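Novice: Copying in the features that TrEMBL gives for the protein in this structure:
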- L20, N27, K156: xanthine binding site (BINDING)
- A128, N129, G130, C131, A132: 5-phospho-alpha-D-ribose 1-diphosphate binding site (BINDING)
- 45-154: domain 'Phosphoribosyltransferase' (DOMAIN)
Amino acid sequence: MELLEERIRRDGVVKSEGVLKVDSFLNHQLDIDLFDAMGEEFRRLFADAPITKILTIEASGIGIACVVARHFGVPVVFAKKAQSINLDGEMYTTRIESFTHSRVYDVIVSKKFLNADDHVLIIDDFLANGCALNGLIELVDEAGATVEGIGIAIEKGFQPGGDDLRHRGYRLESLAIVESMDPETGEIAFR
Ligand code: 5GP
């Protein structure tokens, strides 16, 4: 998506260790007009899919998911990072290793908000190694629901998550795929 790539080139900051900072429009200050254009594009890309729910993970996926959801006219459910898991059977649970904070979180979704009839579009801001998405897919599988597709704002194509998910047959649409980025020059190349 041209608009997003231009914005990443203009305002993205390449950090060391493969991290791209996009705090000024995607992760801290949020550009809602840009989110709206992204929502419209996801709607076009998944026009034929019978989506009943958008699933994301707190915190940075929520803003994008909410704007995307308006284009599909369906609710957003976000997976919560839990302090402790209450094993009363009311929750779907999984564990996710955080790329940016290098720690493992227990993640939950209430059984009230995801069930076997749901056709889910998973939305997130970044795709790196795929840990967050694999966790979200597990939650959908636990519910017996269907993963219709995965929509990502920025995929880092030099990390393995995206190619792995495509090989496993998931319908994955990333609006910008960063092929390489150089922390010395700040240069970013897209696939
Ligand atoms: P993964 O689970 O695919 O390894 O990493 C995806 C998650 O880590 C995303 O939910 C995102 O919040 C965070 N993340 C991964 N790489 C980056 C990055 O380069 N920049 C930012 N801002 N977040 C990232």
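Using N, Cα and C of the backbone, Cβ positions are placed for all residues, glycine too.
TrEMBL does not curate its annotations; it predicts them automatically.
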Novice: So how many of the residues in the domain 'Phosphoribosyltransferase' (45-154) end up helix, strand or coil by DSSP?
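Specialist: With helix first, then strand, then coil, the domain 'Phosphoribosyltransferase' (45-154) has 30 helix, 44 strand, 36 coil.
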Novice: With xanthine as the bound species and L20, N27, K156 as its recorded binding residues, calculate the greatest Cα-Cα distance and give it in Å as a whole number.
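Specialist: Spelled out: the longest distance between any two Cα atoms in L20, N27, K156 is 16 Å.
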Novice: If you count the other Cβ atoms within 10 Å of each Cβ, which of the binding-site residues A128, N129, G130, A132 comes out on top?
Specialist: A132
Novice: Measuring Cα to Cα, how far is N27 (xanthine binding site) from A128 (5-phospho-alpha-D-ribose 1-diphosphate binding site) in Å?
Specialist: 15
Novice: I need the neighbours of the xanthine site defined by L20, N27, K156. Which other residues of that chain put their C-beta within 8 angstroms of the C-beta centroid, in sequence order?
Specialist: G12, V19, K21, V22, L26, D125, F126, A128, I154, V178
Novice: At a 10 A cut-off on CB-CB distances, which of the binding-site residues L20, N27, C131, K156 has the highest count?
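Specialist: Answer returned by the neighbour count: K156.
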Novice: What does the structure give for the C-alpha distance between K156 (xanthine binding site) and C131 (5-phospho-alpha-D-ribose 1-diphosphate binding site)? Integer Å is fine.
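Specialist: With distance taken Cα to Cα, C131 (5-phospho-alpha-D-ribose 1-diphosphate binding site) is 13 Å from K156 (xanthine binding site).
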Novice: DSSP on K156 (xanthine binding site), three-state: which is it?
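Specialist: Strand, per DSSP.
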